[in-house]
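As recorded in TrEMBL, the features of this protein are as follows:
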type     : residues : note
TRANSMEM : 105-125  : transmembrane segment
TRANSMEM : 131-148  : transmembrane segment
TRANSMEM : 169-185  : transmembrane segment
TRANSMEM : 215-235  : transmembrane segment
TRANSMEM : 247-270  : transmembrane segment
TRANSMEM : 282-301  : transmembrane segment
TRANSMEM : 313-330  : transmembrane segment
TRANSMEM : 350-370  : transmembrane segment
TRANSMEM : 391-414  : transmembrane segment
TRANSMEM : 558-579  : transmembrane segment
TRANSMEM : 591-610  : transmembrane segment
TRANSMEM : 644-665  : transmembrane segment
Amino acid sequence: MTENEGYREELVNKTVFDSRSPILASSSSQDLIGPHANLLAQPISNKANVGVLIKERSYEDGASPGLAPSALEGNRERRRVPFLHRPLEGDENVWLHKEHEAEEWLSLLYDLAVVAVLTIFSNNHELNKPSAIPIFLSYYAIISWVWTSQIHYDIRYQAQDGWHRIAKAVQIMTFVYMGAASGNWNPGLIMDEESFLAEMSSMDASTHRSANESFMTVLSAFAISRAFLALQNLVCAWNAYRVGRKLTFHVLPFGSLAASCVLTVVAIVIPASGRPATVVKIATFYFSICVEMITVWVAAAKSWRHKIRTQSIGVRYGAFTLIIIGEGFISVTRASNLAISGFSITNTMTYAQVFLAISIMYLLFAFLFGKSDCGGDVRESKVLLWEALHFPMHFNLLLLLAAMVNAIVVLSFARGVSSVASHYISTIESIVNGTDLSHRDQRYVARYFDHYTVEMALLRNLSMAESPPDDPTMVAYQYLGQIMFQVTNSYGIELEDSMLRSLEDLYAKVVLTRRRGVRTQLNTTWSSNDTLQSTRQDEAFSLLRQILQEPTSTSLSGVLWLFPTAGLALIFSALRSISWTRHKKFVSGNWIKNAIYILCGSFLALLGFLDIGSKDFDAFADTVENELRGVNPMYWLVHTRTPLVIVLAMYLLAYLGELITSTCIRRLRRGKRVAQGQMVEA
């Protein structure tokens, strides 16, 4: 008997017939040996792996369902999740065995928290005007870095054990707290010095106090997340000490996280009592994020951290990119719902714009994931540029998606405003003149003016009186201002404080206003003095004009960055591909594809020069030409409803160009191979 045959017989006796084995004699020896007959007939080159091979073959041959209950209990014991996994020995190895790494579901659960926070913040802080971009960026930088720093830890150390499940729950809770406190986020309004707030109105003072409270709460949650992530790195250092690994790899991340936590606490403590102190407070906090970022870059460039599977970086950043695109679907669905349920009788235009927006998002997905170049493991230092590209790329995607949403809303809103104004004027004229409304006006009034039946009845009574207590024209202005307030709110457009003040002034019984330096008294009471009455009506119409003009100007300004961001999205797609594959063998198809993306993206970005020009238009003009006279060309394109059409056309050109080019290259290569084969045969 050879050595292998003797070992094989001994193994069978131990694993099948031994009464101490968990696979006891409740199953016959033939039932147990049968699935492994082919395995036992093969020569054994590595005796240490025989038990593993038998276990794997039993699953392949379907033997597991036939195991006795005692065997199943043994499997449960072997699969029991430990509290803390031991890492591999040797600093040249990755931290964990592949089978000990945490399941993907744990990372997906964390991504769901990111989706929730991003959605909540996007709803509370709409990117509907240029001034909203810095506020959005200031918060997005925080949640983006919290996610990035957590991912850098997860791809190295996160194991399938109890400790990391607890840690993930804590990190999710801090992330949710940061999202819950972001409702009034605005770092530019956190100064809360009482002498400064005393000079403001109660509304403005309340806004400053709410912004300061939001800022402090977000910073507190951020400090807790840094402290706990530092604790996680400390546990890893202790784990490395147990297996004889270097501790220097853990000192740098722990030190940067501890320093970031301290700087954040300092930023919380610094009072926002004046402008210099407020600037220092904000700068200290964002400097803490910079400390962490610099540390990660230096450690990766100098190989001062444990080896990782860089393919995991590509997977995690791909998941975050999908989160951004998914946020676009949420925003487009919400905007289309608001537009369809708005004040427009027909929704054909809205349906068309939604179709264009979804088509653009699908093509974005194709550009970013259609031919993913992030396969295979490479040196971590080589993907630093690839990783750094994702912060501006993701923020640019958010801006692009917001611009598409604004394009959907602004067209429906403009149509709704025009429809409301025309039907309201027809209704008022009918009331004043005592004539009947048309069937179309009656249907519109019944649908949208139902909440103002009491006001309409009062207006009718005022117009019929010879000496009414209030001027019917000014009362009509008041009602139209209130209706337009409802219209703006129904489309999800952010209500400006100036609009609220104008409505408040319009509805006040007696308001002191300043016009050309002269204080005049405005009220709605009827006066037989035509000059005085005309002055009052002009003042009331001026307030009404602000109420109508401001939301329309705001919604239009939210489309200005559509072309630049659409072009940059294509350019970032190309740079993303180049930065990952630049170390690989030259592939002509990839470079031609990226060149097409860059050319089409550059053309779209150059269309951003259409934004140059006046942004002031007259919402009360009788014709479109007079309304848009002298404005920038982009507003004219919005009026023609073509901005999304242009973006989709360029995206289709890039997609089809890349498709046709790759097809031609494949055919050329196939032809060359056929020609070479024919030459060999000859």
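From the backbone N, Cα and C atoms, a Cβ is placed for every residue, glycine too.
Predicted automatically and left uncurated, TrEMBL annotations should be read as such.
Sequence-distant residue pairs (6 or more apart) of the transmembrane segment (131-148) and the transmembrane segment (391-414) include at least 3 whose Cβ atoms are under 8 Å, placing the two stretches in contact. Within the same chain, the transmembrane segment (313-330) stays apart from the transmembrane segment (247-270): fewer than three Cβ pairs sit under 8 Å, each pair at least 6 residues apart. Only pairs six or more apart in sequence are counted, and the transmembrane segment (558-579) with the transmembrane segment (350-370) gives three or more Cβ pairs under 8 Å, enough to call it a contact. When Cβ-Cβ distances below 8 Å are used as the criterion, the transmembrane segment (247-270) is approached by residues 91, 149, 153, 216, 219-220, 222-223, 226-227, 229-230, 233-234, 236-237, 240-241, 277, 280-282, 284-285, 287-289, 291-292, 294-296, 298-299, 304-306 of the same chain, each at least six residues removed from its ends. Below 8 angstroms of C-beta separation, residues 318, 321, 325, 328-329, 332, 336, 339-340, 344, 397, 401, 404-405, 407-408, 411-412, 566, 569-570, 573, 576, 597, 641, 644-645, 647-648, 651-652, 654-655 of the same chain, each at least six residues beyond the ends of the transmembrane segment (350-370), sit close to that stretch.
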